Amino acid sequence: MGCRRVPGPVLALLLLLCPPPSPACPAACRCAPGEVDCSERGLREVPWSLPTNTSSLWLGYNFITVLGPRSFPALPGLRLLSLAHNRLELIHGRALLGLGALQELDLSHNLLTVLTPETFLPLTSLATLNLGSNRLGELEPGVLGALPQLRALLLQDNPWVCSCGILPLWRWLSLNREKVREKRLLLCRVPEQLNKYPIMAFGDESFRQCQETSLSYQHYIAFFIIGPFSFIASIFFCTFLGSLIVFYHSLRRESHCWRRP
């Protein structure tokens, strides 16, 4: 018997009603409906072939050191991502693209020293962020400002440098105390005399010197005006002074010549 051909419109309708299957569970992971657990698998990078319906992804206790650009496939339904207990040192500014639905991110127990606002810009729905037990000495205010839905922040067990550079973070913490968990564990590490001093115990007077040394735009305008003027004036003054010295030596030479017998 001959094979019957399926009409084009019917085939297109069947493809729409039966979308292609999502990628299978990665060989190194354990999967359940909506959940992928890749913990303690010795992974050095994020598995790419993840089911598109993943809502929870566990990547803890591995050896991931860097999250490069677009480290994750498109996961429109991902709500929870855990990268705790890895060796993360760097997160690229475009590493978390495609994770706009993410609500909870755990980056604790890693080796992070610097975070940029660009990294968190795609996470418009993030409500909980755990940055505890890293190597953060400061945190740019723009990092937290990039998370409009943030409700809970954990920053404990980091070597905070309590100098003028921590002023923006202290201001954010003071205005968002209800969002900061484990406040008593936010302790200074540097300088030595402030070791283990609670960051939240500082007051406005503690940063008065930092605020006084900050320059306004009027100061910068004054510098741009006075600087070139002072430079030109110094050139004229040096030229004038040099001319006086030369003239003085000329007079002395002439007077000495007239005194000769």
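Residue numbers in this text run from 1 along the chain shown.
The backbone N, Cα and C atoms fix where each Cβ goes, and this holds for glycine too.
Taken from TrEMBL, the feature signal peptide applies to 1-24.
Residues of the domain 'LRRNT' (24-56) grouped by DSSP class, helix first, strand second and coil last, total 0 helix, 7 strand, 26 coil. Sequence annotations record features per position, and here TrEMBL assigns domain 'LRRNT' to 24-56.
Feature annotation from TrEMBL assigns domain 'LRRCT' to 158-211.
What TrEMBL lists as transmembrane segment is 220-251.
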Per DSSP, the domain 'LRRCT' (158-211) contains 32 helix, 9 strand, 13 coil
Whole-number mean pLDDT, the domain 'LRRCT' (158-211), equals 91
